[in-house]
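Each remark here refers to the structure printed beneath this line.
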Amino acid sequence: MVKLFIGNLPREATEQEIRSLFEQYGKVLECDIIKNYGFVHIEDKTAAEDAIRNLHHYKLHGVNINVEASKNKSKASTKLHVGNISPTCTNQELRAKFEEYGPVIECDIVKDYAFVHMERAEDAVEAIRGLDNTEFQGKRMHVQLSTSRLRTAPGMGDQSGCYRCGKEGHWSKECPIDRSGRVADLTEQYNEQYGAVRTPYTMSYGDSLYYNNTYGALDAYYKRCRAARSYEAVAAAAASAYSNYAEQTLSQLPQVQNTAMASHLTSTSLDPYNRHLLPPSGAAAAAAAAAACTAASTSYYGRDRSPLRRATGPVLTVGEGYGYGHDSELSQASAAARNSLYDMARYEREQYADRARYSAF
């Protein structure tokens with residue numbers, strides 16, 4: 001028994017129509033239609049080959065159908081990781097090396113490592129035992145089970161065979177059959193099945209009368225606001241506010257006794273840079289007197305009154321020096337003693353010799 005795949009079936013096709021079409025080349029054991037594709041089981045292999053040769057691209061209800069041998073789902077394989085591969089190694093050489101231990105489904109080299117899909121798990125175990133840590137083209141390669149979860153099934157490794165349709169010469173990602181087994185070019189059937197595409201919205205952006213009316217009203221409102229808030233109106237309002245503020249401030253000032261100053265303040269042509277010196281007041285006179293006293297005291301304390309640097313001349317007594325009319329209260333002896341102290345040389349005096357004399361005064 002040979003299983004055939006029929007793709008791109010029209011919606012009008014029925015199982016009886018497909019069965020009668022394939023019975024022209026041999027006995028049909030089973031016929032199933034699933035949406036726009038189906039499967040036909042023919043008893044004889046030769047009859048299946050004749051049906052493929054004659055019915056492939058056969059036009060049925062105006063649609064070309066595809067007839068080919070059905071490919072079973074890929075069996076679970078064992079994926080091996082091969083590391084430290086020589087840069088001169090090719091896929092064919094690596095495949096031949098692993099085929100010594102069993103059938104190889106796919107061999108893919110990525111830079112200095114590769115992935116090899118073995119058909120049977122026991123063959124993969126034997127390949128690991130025989131090839132791990134062995135020399136291959138001048139480098140010691142490492143073979144172990146792959147732990148990668150990406151693309152665990154074979155396919156898309158090279159163009160030697162597509163795991164979707166089984167044909168050679170194209171990548172699996174370029175296969176016309178999608179992952180569900182359907183032919184990828186089904187645009188017409190898709191439109192017929194799910195309905196035509198909705199016509200685009202043809203009304204232009206400016207066709208809405210409501211939009212135009214609304215925009216015009218907003219434009220008119222903007223123009224009115226702009227005219228009301230012109231520069232001249234704003235300047236006039238500012239000048240009026242300033243005049244009111246100046247009048248209110250002047251009315252709150254106290255009455256000025258000086259008529260000349262009052263007339264100057266109330267005049268309209270005020271000069272902010274016009275400054276006049278104020279007449280001297282009582283406080284200013286007091287300050288001038290204090291300055292004169294300070295100058296007199298400075299000249300008084302600046303005179304030299306040291307007895308050691310006194311100029312030569314007649315020595316005045318205490319009574320004569322004070323001149324306050326108290327000569328009778330001071331004795332002549334005390335005056336003579338004090339004068340004798342001033343006449344002594346500095347180096348002849350002792351520090352504590354005349355303490356009794358100082359205590360008498």
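Glycine too: its Cβ is placed from the backbone N, Cα and C atoms.
Keep in mind that this is a model prediction, so the values were computed, not measured.
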Annotated range (Swiss-Prot: zinc finger) out of 142-159, 160-177, 178-195: 160-177
For the recorded positions LYS79, SER86, the one whose C-beta sees the most other C-beta atoms within 10 angstroms: LYS79
Within the domain 'RRM 1' (2-72), residues counted as helix, strand or coil by DSSP: 19 helix, 27 strand, 25 coil
